[in-house]
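Peer 1: Sharing a structure below in structure tokens format, with a few things to ask.
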Amino acid sequence: MFHRIEEALEDLKQGKVVIVCDDENRENEGDFIALAEYITPETINFMITHGRGLVCVPITEGYAERLQLEPMVAHNTDSHHTAFTVSIDHVSTTTGISAHERATTIREMLNPASKGADFNRPGHIFPLIAKEGGVLRRAGHTEAAVDLAQLCGAEPAGVICEIINEDGTMARVPDLLQCAKQFDIKMITIEDLIAYRRHHETLVTREVEITLPTDFGTFHAIGYSNSLDSKEHIALVKGDISTGDPVLVRVHSECLTGDVFGSCRCDCGPQLHAALAQIEREGKGVLLYMRQEGRGIGLLNKLRAYKLQEEGFDTVEANEKLGFPADLRDYGIGAQILKDLGLQHLRLLTNNPRKIAGLQGYDLEVIERVPLQMPAKEENKTYLQTKVNKLGHLLNL
């Protein structure tokens, strides 16, 4: 149904337009996107004729500073915090509204000699400032446009226009597919762009290495930072893992209440200890400790979920009532750490099939699933049963 990111990049490099869709739980819309560097009056005319939305120009913070583009409003109350600046027209234009003059304004924005005084305000071009980090920080069309431009090796600026149906309603995926077919345009999703970037870019940095004696044995501890969300993760390595043989690996998500306080609401603490003990017994392996508290929702939200569980909701229902998916964890950063450690073939300590799929999506091969089941307690029986029934965990209860 959708095209590959590589196909869209090739078209963009040729000055063509692509359609980019965002998540159905976000704006659930599609935009025409082109590279600002290659913009023409014909492309602008196509966008306003068949897109019918607002023509905007996503740019980096650097462009905004050079052109002295202040925020459109002092207090942004937009639900998605779309970063509009004041609208502009280049001083060489007349009304600034024609396709030709809008293209002129956009091209002059990219002119390194241009400065703030070269543009009238307000105008008919609406710059948008993309967040640093692009779609990995904010999954919006603004960031997608700048990311696509950078992936093409072009100036980091795009031209976007929302796609609206002839009857004035927003075009959804079925409408967008028809539009893409009608005009022979590549169509991609922001979700796929995120996956593409995570697959092709190195987001983790090995920061420090120490020897760490523990109650379970002595490990080589390696601390990692990541450029995606600034969270710090740690890998505990046992033995020589560079032989190319399958390595026993546990990817453990942080659980303060279980790992530190010994909470009986979950089985996290016992799983952590059992994994370390098993790796020590085998003499070779990795425990990757990921800062993904509460399946990715954070400590306070996990406690709020616990409160809802006390009111009768199960662990999945509690997450959903708080507005989160059942499992918000992302395995891309963990996969990059494992690859940095030189691992390729894993014997994965897990009861969670999604974790296997999540890691294998990043060119890691799970040779074997090694069960890690702890005895159920009265306090966590319902929790564990929900993980089986709703999250597909492989447990014998």
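Each residue, glycine too, has its Cβ placed from N, Cα and C.
Note that this is a predicted model, so its numbers are computed, not measured.
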Peer 1: Swiss-Prot has ARG250, VAL251, HIS252, SER253, GLU254, GLN271, GLU293, GLY294, ARG295, THR350, LYS355 binding GTP. Which one of THR315, THR382 is in the same site?
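Peer 2: Answer, per Swiss-Prot (GTP site with ARG250, VAL251, HIS252, SER253, GLU254, GLN271, GLU293, GLY294, ARG295, THR350, LYS355), from THR315, THR382: THR315.
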Peer 1: Out of the recorded positions listed (ALA139, GLU162, GLU293, ARG295, ASP327), which are within 10 Å of CYS255 (Zn(2+) binding site), Cα to Cα?
Peer 2: GLU293, ARG295
Peer 1: Test of understanding: give the count of other CB atoms lying within 10 angstroms of the CB of HIS141 (D-ribulose 5-phosphate binding site).
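Peer 2: Step by step: centre on the Cβ of HIS141 (D-ribulose 5-phosphate binding site), count other Cβ atoms within 10 Å, giving 29.
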Peer 1: Using only C-alpha positions, which one of ASP31, GLU162, ARG329 is spatially nearest THR350 (GTP binding site)? These are the recorded positions in the record.
Peer 2: ARG329
Peer 1: Using the Cβ centroid of CYS255, CYS266, CYS268 as the reference point for the Zn(2+) site, which residues of the same chain not in that list have Cβ within 8 Å?
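Peer 2: My list of surrounding residues reads THR257, GLY258, ASP259, SER263, ARG265, ASP267, GLY269, GLN271.
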Peer 1: Between any two of ARG250, VAL251, HIS252, SER253, GLU254, GLN271, GLU293, GLY294, ARG295, THR315, THR350, LYS355, the residues recorded as binding GTP, what is the biggest Cα to Cα distance in Å?
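Peer 2: With ARG250, VAL251, HIS252, SER253, GLU254, GLN271, GLU293, GLY294, ARG295, THR315, THR350, LYS355 as the binding residues for GTP, the largest Cα distance is 23 Å.
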